[in-house]
Amino acid sequence: MSYSKIPAGKDLPNDIYVAIEIPANHAPIKYEIDKDTDCLFVDRFMATPMFYPANYGFIPNTLADDGDPLDVLVVTPYPVTPGSVIRARPVGILHMTDDGGGDAKVIAVPHDKLSQLYVDVKEYTDLPALLLEQIKHFFENYKDLEKGKWVKIEGWGNADAARAEIMKSVEAFKG
């Protein structure tokens, strides 16, 4: 399978495809899909023993501020297998900067055709407050024990802000 052949979404920016690299609640291992080989590589064993609070991946054929595809956290009732592509709906964005520059994370839920569990979630604020705190806490701290690495959380944005970031990254990819 070639992730480069997968479009960014079915109905951008409301209906996106996300290639999952790290499942929710998984061991503290950072996986990355290599953009040249489409293979799932172990990027590193995380020094901080924390797990991703939601499935983590990227939107194919996008280019974010950090030079990588746009990152997405997909909240699901079960962990999604790495390498899978899930159809999702953006509900918010976590703006942050790290040692590599701007590194925003789109927050999404499964498309309504995949699950009715999130049909009433239109904005990130419709998700449980504890989950939002867990996401923020994870990204504030997951690099704490890695020398020279840091993260600064700049705040949350709504679904419109997430959709704007998606379109910006799609246009940046097109060049």
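Cβ atoms here come from the backbone N, Cα and C positions, even for glycine.
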Note to self: Record says ASP66, ASP71 bind Mg(2+) 1. Source is Swiss-Prot. Which of ASP34, ASP36, ASP103 does it list for that same site?
What the structure shows: ASP103
Check: Relative to the mean position of the Cβ atoms of ASP66, ASP71, ASP103, the recorded Mg(2+) 1 site, which additional same-chain residues have Cβ within 8 Å?
Finding: ALA64, ASP65, ASP68, LEU70, MET96, ASP98, GLY100, GLY101, GLY102, ALA104, LYS105
Check: What other residues of the same chain, not counting LYS30, ARG44, TYR56, TYR142, have a CB atom within 8 A of the CB centroid of the substrate site?
Finding: ILE22, PRO28, ILE29, TYR31, ASP43, MET46, TYR52
Next item on the list: Could you check the binding-site residues LYS30, ARG44 and say which one's CB has the most other CB atoms within 10 Å?
Entry: LYS30
